[in-house]
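Sharing the record's features from Swiss-Prot:
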{"type": "DOMAIN", "residues": "9-243", "note": "domain 'ATP-grasp'"}
{"type": "BINDING", "residues": "45, 52, 53, 54, 98, 101, 106", "note": "ATP binding site"}
{"type": "BINDING", "residues": "198, 212", "note": "Mg(2+) binding site"}
{"type": "BINDING", "residues": "263, 320, 321, 322", "note": "substrate binding site"}
């Protein structure tokens, strides 16, 4: 679960992490008033669920309130396109107005989940303000990584080692140690999958400030925090993702034209890879989970068909907990309800597989059965080419 920059900064500030003075605004008039509060000279920052806003024209330095208002009028309602949004971009509905500071040095700091070790990982670099992936490619020696033992937690000496590695000393070094420890505390208590501060700066006056911040929460822990659902900006989400969430379906929109329905995240990833291998382009990632009912399968299928980019559907199911005949019934029910004319290939195996195949072949749908994953992928690509 993602949140906006201004929300991330509100959370960080409650943990004693210093952030610039700021105000969030929903209208150009509010932006102008906020700019006056900042003394006129300030930064106007579009709030969207994506990075790369500066390069897309979403971050502007202004010198007086009227200019801030003019910039806001340009940004509100505009779709910002960055490398993280896809070609459709994300619409700007909120703007953060923030004071300017004189920066002496910039750093990168983040705590994220390391999937390989299943532990939190602290990443820091003296190359702040840049794309960390770019730094990793060009100057990997400038990135400092620390895997945190969950039993001992992040220790003070480890935080100090990172601060010293960034070239800090004296009082600002100790401030950085405290900031790192507080960031880790925030990660634990708020069930974050990511906290990223980029850049973390030292001002000319010698103060540390989190100039930009990103926080993502673990979706599986949201139930422990009643306030989290109210923090979601649904205007930043794909409508189909919102619908999928209501049925506890994992859905991610992609850029291709083959709709995919799979049970299990690992099998779903393998399905996307095999489709690409045979020249297909997946339109989505959709995991119905291991214990889906006929109704849930039907809703998943209807969600796929609501995407106008989808020109064919590939279903790849292993019926362990799920029965293949139940899957087939859900597909048939949904396809008939929306009068689906698209070519469909179903590859299924497991419980009641023959009953499931029989139901599909007798349904009257434009459906073929895949003998295995590779055969199914080849068939859907071929059917799409003929469509």
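Yeah, the Cβs are placed from backbone N, Cα and C, and that goes for glycine too.
Values in this document were obtained by computation on a predicted structure and should not be read as measured data.
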Per DSSP, residue 53 (ATP binding site) is which: helix, strand or coil?
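Where residue 53 (ATP binding site) sits, the three-state DSSP reduction gives coil.
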Counting other Cβ atoms within 10 Å, pick out the least crowded of the binding-site residues 101, 321, 322.
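The binding-site residues 101, 321, 322 were compared, and 321 has the fewest Cβ atoms within 10 Å.
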Within 10 Å of residue 198 (Mg(2+) binding site) by C-alpha distance: pick out those among the binding-site residues 52, 101, 263, and say none if nothing qualifies.
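Of everything listed, nothing lies within 10 Å of residue 198 (Mg(2+) binding site) (Cα to Cα).
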Neighbour count, 10 Å Cβ-Cβ cut-off, for residue 53 (ATP binding site): what number do you get?
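Neighbour count, Cβ to Cβ under the 10 Å cut-off: 22.
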For a quick check of packing: other C-beta atoms within 10 Å of the C-beta of residue 106 (ATP binding site), how many?
17
When you measure from the Cβ of residue 212 (Mg(2+) binding site), how many other Cβ atoms are you left with inside 10 Å?
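A count of 24.
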Across all chains shown, how many C-beta atoms besides its own are within 10 angstroms of the C-beta of residue 52 (ATP binding site)?
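The Cβ of residue 52 (ATP binding site) has 16 Cβ neighbours within 10 Å.
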I'd like the Cβ neighbour count for residue 54 (ATP binding site), meaning other Cβ atoms within 10 Å of its Cβ, all protein chains included.
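Its Cβ shell of radius 10 Å holds 14 other Cβ atoms.
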List only the single closest residue to residue 52 (ATP binding site), chosen from the binding-site residues 263, 320, 322 by CA-CA distance.
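The smallest Cα gap between residue 52 (ATP binding site) and any of the binding-site residues is with 263.
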Would you pick out, from the binding-site residues 198, 263, the residue whose Cβ has the largest number of other Cβ atoms within 10 Å?
263
Measuring Cα to Cα, how many angstrom lie between residue 212 (Mg(2+) binding site) and residue 320 (substrate binding site)?
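Spelling it out, the Cα of residue 212 (Mg(2+) binding site) and the Cα of residue 320 (substrate binding site) are 46 Å apart.
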What is the interatomic distance between the Cα atoms of residue 98 (ATP binding site) and residue 263 (substrate binding site), given in whole Å?
45
Find, among the binding-site residues listed as 98, 320, the one whose Cβ has the highest number of other Cβ atoms within 10 Å in the structure shown.
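The largest 10 Å Cβ neighbour count belongs to 98.
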